[in-house]
Every structure is written in structure tokens, then in C-alpha cells.
Amino acid sequence: MGMGVWFAARFEKEESIPMFKAAFNNMSELASNMDFEPFGSRPMDPRDGIGNEVFWAPIAPPFYDMLPDYRKTGVASQPGEVEEIDEFLKTQEQESGIPMLWSFPALSYDQQDAIGDHENGFHVTDSVAEMKAQILLNLRCNAKLDIQKSYPYDRTCCTDYGQKSFIQIILVTLGILYVGGAAITEIIALRSSEAPKWAIFNLDVATFVTGLLACYWADRTQSFAKGSKEYNMFDFNLMSALCFIVGFAFMTKSKPPPPRPGAAPAAAPATLDDAKPLSRDQTDEWKGWMQALILVYHWTGASRDLNIYVGIRLLVAAYLFQTGFGHGVFFSSKKDFSFKRVAAVLLRLNLLSCALPFFMNTDYMFYYFAPLVSFWFLIIYALFAIGQKYNDNTWALMGKIAVSAAICPGAMLWTPVLQWVFDALNMVFRIEWDLHEWQFRLGLDGLIVYVGIIMGVASVRTKLYNKILTQSYGLAGVAGILSIPLYWWVAVSSAETKQDYTALHPVFSFIPIMGFIAARNMFPAARTWYSRTFAWIGRCSLETFTLQFHILLAADTKGLLLLDIFQGDGSLLCDRWRSLIIIVPVFLWISSRVADATGGMVKLLTKDWAAQEQEEQYDVEAKADAEPLMSGNMLSGFTRHMPSKSSWANNLKLRMLGLFVLLWTLNLFY
């Protein structure tokens, strides 16, 4: 119901205010007799959402100086008249029992362009009127739409996110109980020198579950506000610049790698005078600043800008290059093709992205990066494991790589193999994945993975690799620096749309990536100094990429997570920066803790409990100088209560089969 226009426009100010108050009191009394429940207090109907509601609609004051002369005297709206009506409404909102749509006048406050009829002073433009209608339609219809259609839940208000499945409710409830039990157990353990009596409560598992519950709380309840993305080039540039300022503020020099397990400690300098290209610190830093830019890209909604899109596509390609490089180095040097290695890597990559769908009612492929790097790990593993006796022959290994590069992308993209696989998954496991989206992801960056593999093998097998990067008097670095803007200019000039660029990207993306590697390793100082901030983010980059879907972003990446305590115009500098300075540190901390917890869970799931000496579990990106994924002191008292060697539960393959059956069962009944 509209409020105040008729009185302000047709009566003198001395008459309009008392008459309006009397009319409002009559309507309030009528509403109270109809026994309306306070808005938001009634539970949503499983089919009808919030149901029918009644609202008061206040008005915004007109722009008095723009009214024609005949509207400025007599019975026309007088300065302060509408303002007084609105002030009265604010005092009566609680007593009336009917909510007021203050968003309606906010759409035209201090915005002359929002007024469509300046002679009248109140009638807004069609676009503003449409926005008012959208507010009411969102309020009334969002919950009903979410019942009919599952994720992505891009409707960000007035919904309970559809009906929860029984499995989802059970898992969330058990998760809350488990975290509570683990917290109590940990408190008891801190006050006692004995091992916890309740060995089932493990701190790593509790931390992991806390990350899942944080996603549910942020993006499946109305505890947080959600907002729309508002792309602005200035916002993207500003946030990117701030990321690099923070990153460069914490530069430090690399330290020598720790001695290998069992090796005698040797005297070594505290820092290095030089380091080999693509050292662990450098690759972690690389992943970190790339992840920071990807977060900014997603938060600002910058995908519509072709210049930025080209850069972000290169960052994703660079990450997959590192996947090929890291596994290529590992399999070339370690030659570990054991089932334990495969299980550990796949668990490390997929625990989070496999658990989130059951808590969030999404699916595994929605968190596409974990499936993507898992797929390429299996391809790389098969490449090295099949005919592994030929791996020591460099030319034979190059031949295997060439055959795989020629067959694998073609088989995935241009044959019905993937269609058969997806049909089988649907038939046996009730898994419904988007085949075309998956083929798009595979096709974009298939070749760069093989470039990474070749570089990884070269770094282990040949000295030419190091000579080109470290002993070319900086010429390779200069060429690398020039190649990046040149590639960018050619790409943007030759592609008018994103679709045009995606046709060129798979073939030529290696040029700026190799150029960056050369530029990053121009001088000894460049090779030994790195950003601790970016390296820290890089070590949990998989978790930040996955958790951003629900904690930094919202509405399943379609919106932004905001805080209700702040109100503003929706811009970065005047409004949303306040939410960011609270949400971003919490988001990064959760990502880091979940990354550590995932490593601990991998250790628990793959450990040989009967072994006397603890085996080293290397990270999924491990190279020849890999460090352990986690230290022994991260294990809780839970490890002391695990089955003995004679127990069937100590069989790694059976444990993995049990985990697989559990996921299958949950998916069938979800």
C-alpha cells in the first residue's frame, strides 16, 4: 500500500499531516484486527515460501526546486511535508505490525535521473518502477523457485534454499555434534597429560568439518547478506594493486631445503645465494599471487572484460602447467607408482570437493578445479606407469609423452568415450554431470599440461634447462618479459569475443607462461627472493579456490557474501570494503586451516599403522626436493587407537574401497 502521495499533493501542509496520521491509524487498526503475523516470524511454507504479505510503501521527497511554479504553492507538496510523513512512519513501524518497504524511497533519494515526471515530482522512471517490482517478486517468489530448481541458488534473499534432503540434514547435524565433541575432547586433553579417551574425535577431521559447516552457514542460511556483483575496472585494478602491495611487503630469502629423512644434518647457510628455477618457494608464491588475482576476478565479476579474461585464462593454464611440472619431476625422480601414492594424491585433491556437495546440495563437478587436476594426475600417472621400464630412456619417455598428447585430448573431445563414461556414471551411481562443460574445461588447457611434463623431465634429466634460465646473461628473461605483453596485444587484437580467444588459447598459452618463468629467474636475486604472503596463499590455493564458492562469494558464485551490519550504495570504496576487511581474513584463515586438516586426514587414511617408522607423505605437487606434507606432531591421540597390522582395516585398498562405497551410498540416497 502506497503511503502519503495523495495527502501531500492535494492538501495544505497543515491539513495533510493530521489527515494522513488519521488515515494511517485507521489502516493500522484494520490490519491489527486481521491478526497479521510479524514479517519473518512465520516459517516458510514448503510449497508457497513466505506466503502472501501486506507492506506499507513510503515515498521519497520530490526535488522541490525542479517542480513547476504552480506546484510550489497552495495545496502542492511543500518542502518538509513528505519528510515529516516519513518520519512519522518510522516511529509507527513497530506498532503497526506491518513492515515498510524503505527500499522503495531509497531507489530515488538524491537521484534526479530516477524521476520520470518532474512536473509531478513523484513518478519514477520505468527502470526504477521495474526494480520495485523485482524487489516484491524476489520477496514473494524466490523461495518457491528454489523449491522447484536446485543450485545454483542465485536468488539471494527471502528463501530457505529449498527443501533440504534427509542426508543433508543428517550430515549437517552430525557435523555440528562432531565439532562440539572434538572441541570438548581437545579441552580435556589440554588439561590432562593422558591421551584422549574418545579417540574418534580427531582435531583435523573437526577442522575439516568446520570448514564445511562454515560454507553451509554462509551460503545456505540467511545469517549473512548477499549482494550482486558490480563490475568496475577501477575496482579490479585497485584490489589487484592492493594484493601485490601486501605481497611485496613481506619479501624474504629462500632457505636451504631441510636434510632428507635419515640423512646426517650438515652445516648450511641460513639463506641461499642462488636457487634453481621453479623452486618450491617460487612455485608456491606463483600459485599464491595467481590465486589472489583469480579471487579478485571472481569477486568483481570481471569476466565480461576480454583483456582481463585473457589474463585469468593464462593463470589457470599456468596452474595446470605446474601440475604437469610437479608430477613430471616426481615420477621422473622418485619412480613411486604405488597405490598409496595414487590414493594420497587423489584424497588430497578431492576430499573437500567430494564432501561439499553433500553439505551444500551441489555436485562434484561444480568445484571443477579439483576434478580437473585429478584427471590430469591420472593421465600423468598412466603415462609414466605404463611401460615404466622405458622411463630412464629420455627419448622413449618423450615418445610416450608425444603419444599421450596426441591421443588423450582427441579421445576426450572428439570421440564418444566421455559420453559413454558419463552415461555409465549416471546409470550406476546416479551422477549427472555436464558433459559439454567438462569437455570445455579439458579442451582449454590440455596441451599446457604436457608442456609442464616436458619441462619437469628436462629439469631432472638435462643441464640445458638450467643453463638457459640461469646462464644466458638475462637474455632469456628479457625475451620472456617482451613475450608477455606481445602475446597479450596479439590475443586481444585478433579476438573480438571470449569465444574467439578460447579457440587460440590451447595452442599458444605456453608462450607467456614460459616467458614468465624466464623473467622470474633472470638473476640470482630473483630466484632466491620470494613473497611469504603469496607463498602462504599458494600452499592452500586449492582450498581457497574451492571455498570461495560459498564463503568469499555467495549464491553459488553468482553473488557476493556481505555483512548486514553495513549499509551503503553497493560500491567498493563507499560500502563493500568494510565487509571485505572482515570476510577476507576469515576466509583465508579457514582455507589455510582446512588445507592443513586435509593433509592430516590424508595421513590418517593412508598410514600403515603397524609400521614402526613413520613414512613421509609428500605433497601432491612434490618435486625432487619435496618436503613432508605434515609433521608427525599433527597427529592426535586418535592414531594410537587404530587397528593393528593383522586387522582388515589396515589394508589401504580396503579402506579406499570402503570410502568409495560410502560416497556411492550417500549419493544414491541423497
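For all residues, glycine too, the Cβ spot is worked out from N, Cα and C.
Keep in mind that TrEMBL annotations are predicted by a computer and have not been checked by a curator.
So that you can see what the record holds, here are the features copied from TrEMBL:
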- 152-606: domain 'Cas1p 10 TM acyl transferase' (DOMAIN)
- 169-192: transmembrane segment (TRANSMEM)
- 198-219: transmembrane segment (TRANSMEM)
- 231-251: transmembrane segment (TRANSMEM)
- 308-330: transmembrane segment (TRANSMEM)
- 342-360: transmembrane segment (TRANSMEM)
- 366-386: transmembrane segment (TRANSMEM)
- 398-422: transmembrane segment (TRANSMEM)
- 442-460: transmembrane segment (TRANSMEM)
- 472-491: transmembrane segment (TRANSMEM)
- 503-523: transmembrane segment (TRANSMEM)
Long-range environment of the transmembrane segment (342-360) - Cβ separation under 8 angstroms, sequence gap at least 6: 151, 167-168, 171-172, 175, 208, 211-213, 215-216, 219-220, 366-367, 370-371, 373-374, 377, 381, 542-543, 546-547, 549-550, 556, 594, 598-599, 601-602, 605-606, 617, 619-620, 629, 652, 656, 663, 666, 670
Distant-in-sequence neighbours of the transmembrane segment (442-460), which means Cβ under 8 A and at least six residues beyond its ends: 276-278, 313, 316-318, 320-329, 332-333, 372, 375-376, 379-380, 383, 394, 397-398, 401, 404-405, 408-409, 412-413, 466, 502, 505-507, 509-510, 513-514, 623-624
Close approaches to the transmembrane segment (198-219) from elsewhere in its chain (Cβ under 8 angstroms; 6 or more beyond its ends): 153, 172, 175-176, 178-179, 181-186, 351-352, 355-356, 359-360, 543, 547, 549-551, 554-556, 561, 590-591, 593-594, 596-598, 600-601, 604, 634, 636-638, 640-641
Integer average pLDDT (0 to 100) for the domain 'Cas1p 10 TM acyl transferase' (152-606): 90
